[in-house]
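Undergrad: Copying in the features that Swiss-Prot gives for the protein in this structure:
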- 42, 43, 69, 177: substrate binding site (BINDING)
- 10: site 'Transition state stabilizer' (SITE)
- 233: site 'Transition state stabilizer' (SITE)
């Protein structure tokens, strides 16, 4: 694979729990001159703090088989507090401790990641039937300000993005929950950079074997056979590649091998 000057890395909540190892890897890559945009997850931590604050987390299943968080206003407050506060600070501290200059952002900063709030969403109800419900405070990303992100990357080693975008309600700008894989895919497409979706499994596994390569045209078919969670990663990787990223890799560390397209499941145009 060709060498790129910028890469986008998504670290899920399970990987973030092994933060020291991840921070070590990111530090090595940054010292080698690679500029990194890192998107973090942390849904389990959000769930933990939601329950502490008396807000029971709610998840919904979509007809596509994708499972997502349902974000009420109360849940949004906890989500932003944990993602953009507690977790972002913890990850930034680890990276800064390794001598890296880190800029921690959400999509509201610089109005850099814009999403459209979903007024209605279709879910699968308890009877297994499609049902439309209010969309809550969840968004679908529609725009990334690549010039802003690119200019910030010239000044730091790592940009750390929490999966929070901004939306508009009349004259008001509001925070919206966006899926971390979606945010990473949108950033990599806008920056035309490789995407590494780092997980705790070696790649997309079907029939007991890691799938080496998925073409964009095959993504929906293969996602339908993958488990909940992995199906979203496949779809978001395909979205990134179809919209500008040269390729995306799904798998476990080392992160550099994923960025180079040397391991995991590679998602490509053809």
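The count begins at 1 with the first shown residue.
Placed from the backbone N, Cα and C atoms, the Cβ positions cover glycine too.
How about a rundown of where these features are and what they're close to?
TA: Remark: residue 177 (substrate binding site) has 69, 71, 75, 76, 79, 137, 138, 139, 163, 164 as non-local neighbours, by Cβ distance under 8 Å and separation of at least 6 in sequence.
Annotation for residue 10 (site 'Transition state stabilizer'): spatial neighbours 38, 39, 40, 41, 180, 181, 183, 184, 195, 196, 197, 198, criterion Cβ-Cβ under 8 Å with sequence separation of six or more. Classification of residue 10 (site 'Transition state stabilizer') by DSSP places it within a strand.
Listed in sequence order, the residues of the same chain lying 6 or more apart from residue 233 (site 'Transition state stabilizer') and placing their CB within less than 8 Å of its CB are 181, 197, 199, 204, 250.
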Undergrad: Quick check: with 42, 43, 69, 177 left out, which same-chain residues have Cβ atoms within 8 Å of the centroid of the substrate site Cβ atoms?
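TA: Neighbours found: 41, 46, 47, 79, 83, 163, 179, 180.
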Undergrad: Which is it, of 42, 43: the one of these binding-site residues whose Cβ has the most other Cβ atoms within 10 Å?
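TA: By the 10 Å Cβ neighbour count, 42 comes out on top.
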Undergrad: Around the C-beta of residue 69 (substrate binding site), how many further C-beta atoms are within 10 angstroms, looking at every protein chain?
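TA: Step by step: centre on the Cβ of residue 69 (substrate binding site), count other Cβ atoms within 10 Å, giving 20.
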